[in-house]
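If you check TrEMBL, you get these features:
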| type | residues | note |
| --- | --- | --- |
| ACT_SITE | 362 | active site, nucleophile |
| BINDING | 246, 247, 248, 249, 250, 251, 252, 267, 293, 309 | S-adenosyl-L-methionine binding site |
| DOMAIN | 137-432 | domain 'SAM-dependent MTase RsmB/NOP-type' |
| DOMAIN | 287-352 | domain 'Ig-like' |
Ligand SMILES: C[S@@+](CC[C@H](N)C(=O)[O-])C[C@H]1O[C@@H](n2cnc3c(N)ncnc32)[C@H](O)[C@@H]1O
């Protein structure tokens, strides 16, 4: 007996469900690649379903609460991933058609021995959601954010910014590039617009990063406009010795190299440093590369500048990694705060008297940002705050706080641009003794 061929669209949903399941279990979201799903249209659709399910995670939680009286069935294989992908399609991507969402959800479930007994439940949930899809489509945007983030961000920035963050979560992020050289012809050919200093923003993007003009020749690197701010604030003389702690994959190493500094790039993750090395080879920069622990690294000679881009909750990157919002609990943010303090203390030891330290995190949590600047004041008295002035960030004065710290969030954009920016915090210090 010959087996019936799989219905069209099933394979991509099975692969998407696997990827979403991994992310729900705590992995970082990486879009499916051509190796995983060679057909470009299938791949684009699978990635769209996953990203919609992740961006709408909070609203889908509310739908599941209403439609699953007893909650998610335990030990049910891919059930949760499939129901989330199907709700994403049914409610938030109606142009893809309801029929395929319902039919392929059940077909996908039948392929999973741990979940195939739940086809009745899947049908019931999706039919209820279909009946209510107009109402679900208009759900409160605030449901998009977990309560922890809503409360913490409201306290730090006010409710308007929280709403802007919710809107930015749905909108996603544009692609920003930092240019290796002043290159107006390249900017025009890329259909990009100047965003801030040597950062440009692509207006349209119809291909993968590697296929964009100038990538292979190392004429730019991908870096959100907010992420490009910290390295610009060092202002040292060319040739100065600069230590880039926590450097991989090297966006800031490339900027420091471009400024003409003698750069040492350190990271504890050897595999990520290999990516840094490949990036520097492509761009033609030659920093010293060191595998080491930034909390205990003891250089033979101190540095004129240290940039500490500390490991953090990464909640400022939620437009590209919506899962960070749901993976970060209070306790693990507190763990990162302690790690950041030990890295700050060692960054101070690595810095020459008179040298400049930049501390930054891609986080929207004040405990990892503004509060750390307060901690430095009382715990590391040899470091004095060296305020950032409005003239240093033309077109982005609103990001500079009265104390001279830099705070960006997705509701901001430089020079009247649209498309927002990552949430970043930057503090600059000088070693006084
Ligand atoms: C925010 S990422 C750095 C991004 C990088 N600066 C850039 O601009 O491309 C944080 C990095 O910290 C590294 N890291 C975490 N703990 C570390 C430690 N104790 N010592 C050195 N690096 C560490 C991670 O491996 C990761 O590459």
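The first residue you see is number 1, and the count goes up from there.
A Cβ is built for glycine as well, from the same backbone N, Cα and C atoms used for every other residue.
Overlay of TrEMBL feature records on the structure.
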{"residue": "246", "record": "S-adenosyl-L-methionine binding site", "CB count, 10 Å": "23"}
{"residue": "248", "record": "S-adenosyl-L-methionine binding site", "CB count, 10 Å": "24"}
{"residue": "250", "record": "S-adenosyl-L-methionine binding site", "CB count, 10 Å": "28"}
{"residue": "252", "record": "S-adenosyl-L-methionine binding site", "CB count, 10 Å": "26"}
{"residue": "293", "record": "S-adenosyl-L-methionine binding site", "CB count, 10 Å": "13"}
{"residue": "362", "record": "active site, nucleophile", "CB count, 10 Å": "26"}
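Residue 250 (S-adenosyl-L-methionine binding site) sits 15 Å from residue 362 (active site, nucleophile), taking the C-alpha atoms as the reference points. In three-state terms derived from DSSP, residue 252 (S-adenosyl-L-methionine binding site) belongs to a helical segment. In this structure, the C-alpha atom of residue 246 (S-adenosyl-L-methionine binding site) lies 13 angstrom from that of the residue listed as 'active site, nucleophile'. For the pair residue 248 (S-adenosyl-L-methionine binding site) and the residue listed as 'active site, nucleophile', the C-alpha distance works out to 14 angstrom. Mean pLDDT for the domain 'SAM-dependent MTase RsmB/NOP-type' (137-432) in this predicted model: 96.
Reduced to three states, the DSSP call for residue 293 (S-adenosyl-L-methionine binding site) is coil. Sorting the domain 'Ig-like' (287-352) by DSSP state (H, G, I as helix; E, B as strand; all else coil) yields 28 helix, 13 strand, 25 coil. Binding of S-adenosyl-L-methionine is attributed in the record to 246, 247, 248, 249, 250, 251, 252, 267, 293, 309, and the widest Cα separation among these residues amounts to 19 Å.
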